[in-house]
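A.B. asks: This structure is in structure tokens; I'll ask about it shortly.
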Amino acid sequence: MTTTSVDSWLCSSHGMHFITNYSDQASQNFSGVPNVTSCPMDEKLLSTVLTTFYSVIFLVGLVGNIIALYVFLGIHRKRNSIQIYLLNVAVADLLLIFCLPFRIMYHINQNKWTLGVILCKVVGTLFYMNMYISIILLGFISLDRYIKINRSIQQRRAITTKQSIYVCCIVWTVALAGFLTMIILTLKKGGHNSTMCFHYRDRHNAKGEAIFNFVLVVMFWLIFLLIILSYIKIGKNLLRISKRRSKFPNSGKYATTARNSFIVLIIFTICFVPYHAFRFIYISSQLNVSSCYWKEIIHKTNEIMLVFSSFNSCLDPVMYFLMSSNIRKIMCQLLFRRFQSEASRSESTSEFKPGHSLHDLSVTVKMPQYSTKGN
């Protein structure tokens, strides 16, 4: 979450240089010369790749999550706990997607940030905040499904709709408190005229931030372990029920639900595991003295892994469709109404010829009726 803090970077005609230092403003706040190391780095290819992928993620994710929100808000009946969680995940995904245009413009502008250190911190923190909100809520979704499927009928309502609302409120409150804390600390520290954002930085004198990032990584792996255990248990129980009720007409739905559960697990693994597996190396390199070659590899790898995490905002709408039968029904109803309205519109336009009014048509229809009476 804090990896987007602005450092001092150096641009030259020979390529992009990034400067690692012991303090963001050591050269301004101390009379001594800061211990800095200039590392040449060519980011033209990386910027092109990031711009392309973030643009695709922005367009697809924006459309998908707006449709998802429309569907969630279109559920007029009482929402269950799963739908409450999914609604909040969609909101978090949209907020993350709204951060992507800033990253896109930054890379298009040859990695030059012109909007100030405060907005850089706001955009970067919002990006990571909403990513971890999604991860936490997906963990609660897996726990909720495990309880509802694996417990007895009397205990299926262990997590009620009201409790899920409380959980979401707590998650958002803690996240917003952390977000405001980061912004306040940035304001107290004071800004500088750096034109760089979203990049690698050393944390030799900022071990507290490194520890905080490490805690987030540990939290992710605990949630990931919870999701794995939950969906494996869910899948086994559903497949066992499907075999027991193989003669019933609806026995196939249990096997389908089990497969969908593993698809959700696969989506989560593809998007978040590579990034968080690499985070241990990334954080360690920030605390230790590393060569310029190693820092360049770490920086570029981290940016690519972050693209995978962002891609989750495109795949979450697919997960919504797989996890909730009500959402599938509403989506089918919306599509049916859309096609029905298009069909009725085309039929109505085909009945009228260009140049004829509705009155002219009614006259031509009535004329044969008068002639038959005359006969």
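Note that Cβ sites are derived from N, Cα and C of the backbone, with glycine treated the same way.
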A.B. asks: Of the listed cysteines CYS120, CYS271, CYS292, which one does Swiss-Prot record as disulfide-linked to CYS197?
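C.D. replies: In Swiss-Prot, CYS197 forms its disulfide bond with CYS120.
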A.B. asks: Is it the same side of the membrane for THR161 and THR257, going by what Swiss-Prot records?
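C.D. replies: Taking the topological domain names from Swiss-Prot at face value, THR161 sits on the side where THR257 is.
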A.B. asks: Here are some residues: ASN150, ASN288. Which is flagged as N-linked glycosylation site in Swiss-Prot?
C.D. replies: ASN288
A.B. asks: With a Cβ cut-off under 8 Å, give me the same-chain residues at least six positions beyond the ends of the transmembrane segment (304-324) that come close to it.
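C.D. replies: Apart from its flanks, the transmembrane segment (304-324) reaches 49-50, 53-54, 57, 60-61, 64-65, 67-68, 71, 82-83, 86, 89-90, 93, 96-97, 100, 131, 134, 141, 145, 260, 263-264, 267-268, 270-272, 274-275, 278, 331.
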A.B. asks: Flag the pair the transmembrane segment (210-230) / the transmembrane segment (263-283) as in contact if three or more Cβ pairs fall under 8 Å (sequence separation 6 or more).
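C.D. replies: Yes, since the transmembrane segment (210-230) and the transmembrane segment (263-283) share at least 3 Cβ pairs closer than 8 Å, they count as touching.
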A.B. asks: Per DSSP, CYS120 (disulfide bond) is which: helix, strand or coil?
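C.D. replies: DSSP call for CYS120 (disulfide bond): helix.
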A.B. asks: Could you tell me the mean pLDDT over the topological domain 'Extracellular' (1-54), as a whole number?
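C.D. replies: Average per-residue pLDDT within the topological domain 'Extracellular' (1-54): 52.
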A.B. asks: What are the DSSP helix, strand and coil residue counts for the topological domain 'Extracellular' (284-303)?
C.D. replies: 16 helix, 0 strand, 4 coil
